[in-house]
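Feature annotations, reproduced from TrEMBL:
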ACT_SITE  His170  active site, proton donor
ACT_SITE  Cys271  active site, nucleophile
BINDING   Leu28, Asp70, Glu75, Asp76, Arg95, Arg142, Val265  substrate binding site
Amino acid sequence: MAGLMSGFGSFTHAVVRAVSQSLAKEALRTDSLEVDLLKAQEEHDEYVSVLKHRLGLEVVELPADEALPDCVFVEDAAVVCGDTALITRPGAESRRKETEAMKAALTELGLNIVEMTDESATLDGGDVLFTGREFFVGLSKRTNQRGAEILADAFKDYTVSTVPIQDRLHLKSFCSMAGPDLIAIGSSEAAQKALKIMQQMSDHKYDKLTLPDDLAANCVYMNLPGKGDVLLHCTPEEFPESAKVFEMLKDHMLIPVSNHEKVKVDGALTCCSVLINKKKNI
């Protein structure tokens, strides 16, 4: 297994996409919950504002496509590691065209593009956890073994292990990285089972941050110049007990970001951006 990637959590750019009007009624969802479109758009604007103004990232904002109600969830369309971008083949057929705008944006940023053209493969970026040392890929309703194999081929420097996912949409529906070697993990049986598999498969002993709420375990970690460890996480209004756990991370710059509406259509914080560390042209 590779050592910890140099500059893990360092990012210069983010690709985001606007919320489509069609999200409220047509976006895929596990539960039939009513979405307040205006609030969803306000939440997303705040998220983008944090990336751009508070954290100083260069943000590429793609326009919404009304024919693609889920297009705000850009994470599923690409997996970026170093200077390589794997354009995925999302598991839901209605989402396959989302990759076109993402491919164009990442090409424009000068990344090496690898495309998943095998029609037997499916992969959603929400099933891909990169720890800085290795990849874990959730085998879910949206991601299959062939998708994981193509990811392993695209990122040959890293070990790729698969984790069966039951009762949840994606692997990152209950986990994410909260710092170098620190996995944020939910408390449910499904989350704990997945963690156990990851621990068994890895040569490295990760620290864990256990959250009472699975959805709260999806957070966005960065390490930025002049700011150090930064974590975008759930708000106390949404998940009061989990927010208290994040507050124990005294060395992190903690930024609570509301996700009250997008969560109704299975969207989490990591879903709404693709983060990139672009080397300066010398």
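From the backbone N, Cα and C atoms, a Cβ is placed for every residue, glycine too.
Everything TrEMBL records as a feature, shown here on the structure.
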residue : record                    : Cβ neighbours (10 Å)
Leu28   : substrate binding site    : 14
Asp70   : substrate binding site    : 25
Glu75   : substrate binding site    : 27
Asp76   : substrate binding site    : 28
Arg95   : substrate binding site    : 22
Arg142  : substrate binding site    : 24
His170  : active site, proton donor : 27
Val265  : substrate binding site    : 22
Cys271  : active site, nucleophile  : 26
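A gap of 8 Å separates the Cα atoms of His170 (active site, proton donor) and Arg142 (substrate binding site). Counted over all residue pairs in Leu28, Asp70, Glu75, Asp76, Arg95, Arg142, Val265, the record's binders of substrate, the longest Cα to Cα distance measures 15 angstrom.
Using Cα positions, the member of the binding-site residues Glu75, Arg142, Val265 nearest to the residue listed as 'active site, nucleophile' is identified as Glu75.
Other residues of the same chain near the substrate site, with their Cβ within 8 Å of the Cβ centroid of Leu28, Asp70, Glu75, Asp76, Arg95, Arg142, Val265, are Ala27, Phe73, Pro90, Ala92, Glu98, Asp124, Gly126, Asp266, Gly267, Cys271.
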